[in-house]
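Going by TrEMBL, these are the annotated features:
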{"type": "TRANSMEM", "residues": "43-63", "note": "transmembrane segment"}
{"type": "TRANSMEM", "residues": "75-92", "note": "transmembrane segment"}
{"type": "TRANSMEM", "residues": "370-397", "note": "transmembrane segment"}
{"type": "TRANSMEM", "residues": "409-427", "note": "transmembrane segment"}
{"type": "TRANSMEM", "residues": "494-512", "note": "transmembrane segment"}
{"type": "TRANSMEM", "residues": "518-542", "note": "transmembrane segment"}
{"type": "TRANSMEM", "residues": "563-591", "note": "transmembrane segment"}
Amino acid sequence: MSNGWVSDIRSTGPVLATDTPRVIRDASEELFVPAMPRSTQRWLNLTVLLWVVLVICFVVWWFKPEHVGTTTGLVLNSAVASFILLLPIAFVSRIRSIRRINPDVPLPDSRVAMVTTRAPSEPFSEVQPTLEAMLNQNYKADYDVWLCDESPTEEISDWCEANGVYLSTRFEDEGYHRSSWPRRTRCKEGNLAYFYDNHGYANYDIVAQFDCDHIPEPDYLEAILRPFSDPNVGYVAAPSMCDLNRKDSWSARGRLYAEAMIHGPHQSAHNGGLTPTCIGSHYAVRTADLAKAGGIGPELAEDFSTSYVIRLTGADGAFAVDAKAHGQGPSTFAAMVTQEFQWCRSLTVLLFTLVGRTLNVYGPRLKFRFLFALLVMPAMGMMTGAGFLIAPLAVVFDKQWMSMNILDFFIFTTVVSLPLVGMLLILKKAGLLRPNDIPVVNWESGLFQLVRWPYVVRGFFAGLRQVIFRKEVHFKVTPKGDLGIQPISMNVMLPYHFLTAAMVVIGLWGLIDHRSPGYAGLTLLGGLIYGFVCFIVPWMHFCELPSANTTFMERLRAVAFPLLAGIIMFLASVFALALYAAIFFGGYQWIW
């Protein structure tokens, strides 16, 4: 299938042939145009300059001799602060390279198919709108629409036949129900592999593929096909916008708002040699390059791994910011953290298997690009966790890590962040965020960042364990459709209860025993934050439960234990911080 580009197949991905010359090509510069007018770009450059100046001022202030408590504390605090403060460099350094596909480039003369998949757990009512949108594209040339169904019912088969949709199914074909990659069972990759092996490679030049709930806009196909006019392009990524249920789920809004910049300007800034990667539930491939790569990539993160293995053949990728499709985000908090865990685990496995043994194909720029893409998620999780653990550790070891006015620190970090908010406002006005109608300042994305990191860190270590012990895992499909009353499990809330209890106990210990009193206060503040998380997550779950055909008591029973426990944890954290404030700011030292 690969014509000698792949020498062997392992469960962790293709093994590259060593006797085949590989030239890593870049997409033509003529394929892209600036994404913004010059006036908008100048305003963006100005905010970048302001941000750089403020970061320099912060660094000078941070390293003042009177701020240093201990060398260990300086190193720990500086590592966390610098990571969080300087993370935007990944985007800011590419701010002048934000490009979109040139609308004057002609469409390729190719055989085209649009494909979506369905698992038995996914109701056809979720797939039908996607298929109907595929059939109604504003594309003048011929194209085919396919449904890759794991187990089609008679109703589905009849609907497809009546509407001109082709049906592909691996049902009862043991060759496509393997326990590991390739052609893996209970996995989208195996479903798509059957389609490509039996229809895709032979009959089509370009295939656009979707998860079942991602509904393409009428101009989608034209937008995602245009980059393929350049023969150097092997795949085209598109923005992942899971916004169909944003009104019904804060978890969906949290991720949507937090990642709107990534799925728009950030990906667009990688056009032209720095390789946008497929992130999300829809993208398009050139079948010849996919065949060279050995097929759809391994792991749950097959979007990333597929773009990676195609890039290994030498073909470049492009990002079509105007190829818009709308899908569903996580309907519940449990679904959201499960996704975060599974994605981080999958990316970790790819890092230490497929990517680890093939990265030397690339030059330094692309090596850094792929390593950053794989490491940023676990690194953010660990650094966020470290940020909350530094204060309790100072109390435990009775160390004054740093000596500075905490109010000055919060004010300074807020001021440094203001130009970043300005950048988002400029990019939103330029129509580049995906979706572009998000509120730039919102509470959902903040709560999303607070709750995701324990599951991201857990996913990283689960990925390491999977690599070390070579353990096969099963992927959990995100529930879709009308789920009725879904209770929230106490288990999913345990990390936040543990954090709250630990920080309250350690903070009160520091208060009673006079151990690093400033850090004891910060520890109790962290306890208050996660005490609030313990309460607000089950409360929001209760508020979002469907009220139609359900009673108040039925909905309350679905959240009763986690909500009660959350109220207790929140009140305990409020009391502990109030006690601290009364003693150190109210003059009530006589309490002790």
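Note: Cβ is positioned from N, Cα and C throughout, glycine not excepted.
Those TrEMBL annotations? Automatic predictions, nothing curated.
Listed as Cβ neighbours of the transmembrane segment (494-512) (distance under 8 Å, sequence separation of 6 or more from its ends, same chain) are residues 388, 391-392, 395-396, 451, 454-455, 519-521, 523-524, 526-527, 530-531, 533-534, 537, 565, 569, 572-573, 576-577, 579-580, 583, 592.
With pairs at least 6 apart in sequence, the transmembrane segment (409-427) and the transmembrane segment (43-63) have 3 or more Cβ pairs within the 8 Å limit; the two touch. Listed stretches 75-92, 370-397, 409-427 were compared with the transmembrane segment (518-542); the greatest number of C-beta pairs under 8 angstroms is found for 370-397.
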